[in-house]
Amino acid sequence: MEVMHEAHYAPYAMHPGSTKMYRDLRPYFWWPTMKKDVAEFVARCLICQQVKAEHQAPAGKLHPLSIPEWKWEKITMDFIVGLPRTFRKHDAIWVRSSIYFPFLGKLAKGFRNEIAFQYGVSSQTDGQSERTIQTLEDMMRACVIEFRGNWDDHLPLMEFAYNNSFHSSIGMAPYEALYGRKCRSPICWDIEGLRQLEGPELVQQTIDKIQTVKKCLKTAQDRQKSYADKHRREMEYEVGEKVGEKVFLKVSPWRGILRFGKQGKLSPRYIGPYEILERVGPLAYRLSLPAELSQIHDVFHVSMLRQYRSDPSHILREPEIEV
C-alpha cells in the first residue's frame, strides 16, 4: 500500500492512470494481484474521480417519447431568454409545440444562434448538428439579410415557412398534418381548379394523415434510437431505503450560470459526491444537494453522474461556488 501511495500521490507522480502506474512499478516490484490492486487503488483516488475525463461511452440509452394518438394530445414548451431587447421590448421567445410535430424548440434555439451571430451575444447551444437546425439557420440568415429590422419582426414569417415545409420525420408538412390539407400560400392563390375538401371527406383524409404521421414518427424514432444506442451504455444506480448510493455530479459546461472554484479551465470536472435520493423515470436521479446548490434543480440525467468509489481515507470538501 505504501508503495502504491508513493507512486500515485507523490509530487513527482501527479496521479497517473492505472496502466501507467502499473508500468512504472512493474520493473521494481511484483506481487500476485499487483495489476488488480493498482487498478482498484487508482479507481478509489478521490482526486482522480473528480478531475479525470470520462473515456467510456455516455451512460443512458435513448428512451423516445411515446407517440401520441392524436394532435395536441401532448405539448412541449421551451423558453429562450437573454436575447437582445427589441424596440417592442421583446427579449425572449416562448415556443409551444405538439409532440406530434417536429417544431419543438428548434426554431427558438436556431434563431438564438443567428442572433448571436449577428449581434455578438453569448449563445448556449446543445451541440446538435441535425439538418433541421441547419435549415432553420439558413432561413434566419436569409431573413436577416433580406428584410433586416428587429428579430421579432421575422418570427411569424419563419414559423409559417417552417410549419408549411415538408418534414421527413412525419412524411409531410406540420400544417398539413394538423389541418388535414396543405396550406394555401400566396404562391398558389392564383391557381384555378384547386379541389376543396369538405365534411366527411376532409375528416377521413385527416384520420388517414394521422396514421401516416404515426408510422413515420415510429420509423424515425427507431432509426434515431438504433444510432444513438451504439454510442451509449446502460447505467443504473442503487437507491436504498436508508442510505442511497453516492455519485459525483458533472460540472455544467454552460458559462455564466455557476462556476465551481476559481481555476477556470482547470476546475474539477466533477463535484460531490452526493447521495441519491430517488430514481426519477428510467434515466434520471434526484440528488441530495447542499444548501449552496439550492439554485440548481436536483434531478439529473444519468449521463451527468459518475459513480463514487468510497475509501476511508477520503476527506470530502464542498467546492467553492461563484455565481
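If you go along the chain as it appears here, the first residue is 1 and each next one adds 1.
Backbone N, Cα and C define each Cβ position, glycine as well.
Nobody curates TrEMBL annotations by hand; they come from automatic prediction.
According to TrEMBL, the domain 'Integrase zinc-binding' annotation covers 2-53.
Residues annotated as domain 'Tf2-1-like SH3-like' in TrEMBL: 244-309. Mean predicted confidence for the domain 'Tf2-1-like SH3-like' (244-309): the pLDDT average there is 77.
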Please list, for the domain 'Integrase zinc-binding' (2-53), how many residues fall into helix, strand and coil according to DSSP.
32 helix, 0 strand, 20 coil
